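Among the features that TrEMBL reports, transmembrane segment is placed at 24-46, 58-77, 97-118, 139-159, 194-215, 236-258, 270-289. Per TrEMBL, domain 'G-protein coupled receptors family 1 profile' is recorded for 40-287.
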Amino acid sequence: IMENASGVTVLTLSGLSFTLEQRISLFLVTLLWYLMILWGNVALIVTVIMDKNLHEPMYIFVCNLCVNALYGTIGFYPKFLLDLVSSHVISYAGCMLQGYVIHSSVCNDFSILALMSYDRYLAICRPLVYNSVMTKQRISIFVFFSWLIPLYCMFMNTATLLGSRLCGSHINRLYCVNWMIVRLACSPPIANTAVAYFNILFFFGHCVFIFWSYLSVIKICISSKEKQVKFMQTCLPHLVSLLTFMTAILLDVLYIRFGSADVSQNLNNFMSIEFLLVPPMVNPLVYGFRLTKLRNRILNLNRILHVSLFFQV
């Protein structure tokens, strides 16, 4: 086990076998990408918060999806940028925290996407009960539990690893994940295995619910042109977001299953971080440009900012 000068246990990460010039170039590209993620998600969040006309279930859920993108990416990008200009190591406590933030962010995405699918199911399949179900109070409760349950589930997963004695210090990944800590543990905790399988089944249930909701919506829309238009306007962005996220998670699972020395390091790296690269960038673009009401508000906000800057000059 490695320890620093202060006696703190440190773990080494992998995947950054680049020259100094390559590290500098990657640092600049990553920083630019991260700033674009921040700008896109913050712009959408601020637009929804400031405009009371957007305080509707669909936009509130989209806003929470963007907040979660900021939460998840802050668990990766600052540390990754630091690793590009320094040593690629992390403390044991830091590793546990990073794994928790990234894991819980993924689970939050599942919960919020499930809420969004339920919202579209009610709006299109059961429009007469939509307003009675999607009240402000219930929306607040839905959003609260869509954050609380994933955070609690991943807290339990992480808590069962605390205090585990490690028999290794090398993590074959760009960032920390809990299952890597389990593999390093001298004797993997049984409680962690039980909690991990429960979480997998629980959020797999989210996936089943999401696909069932959209299949129901598609069946209804096939027989009605009016609902087809509504589907294209409001459900299509959700499906793009869902497919982007599911593809990213699938690539990460494939990396865990098949990532090896036979695959190039660059491909391994991309497969492991694709869900931190694409969905946080794609979501604000898809919702910002596809949802007409939201797009118009963002454009109006930009015009106001440009006018105010013009008069200041």
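Note: Cβ is positioned from N, Cα and C throughout, glycine not excepted.
TrEMBL labels come from automatic prediction, so no person has curated them.
Note that this is a predicted model, so its numbers are computed, not measured.
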Surrounding residues of the transmembrane segment (194-215) on its own chain - C-beta under 8 Å, 6+ positions past either end: 107, 110-111, 113-114, 117-118, 120-121, 150, 153-154, 156-157, 160, 178-179, 235, 238-239, 242, 246
Chain residues in Cβ proximity to the transmembrane segment (139-159) (below 8 Å; excluding those fewer than six residues from its ends, i.e. six or more beyond): 57, 60-61, 64, 96, 99-100, 103-104, 107-108, 110-112, 114-115, 178, 192, 195-196, 198-199, 202-203
Listed stretch, out of 24-46, 58-77, 270-289, that has the most CB pairs under 8 angstroms to the transmembrane segment (97-118): 58-77
Positions on the same chain near the transmembrane segment (270-289), where near means CB under 8 A and six or more residues out: 15, 33, 36-37, 40-41, 43-44, 62, 65-66, 69-70, 72-73, 76-77, 102, 106, 109, 173-175, 237, 240-241, 244-245, 247-249, 251-252, 254-255, 259, 295, 298
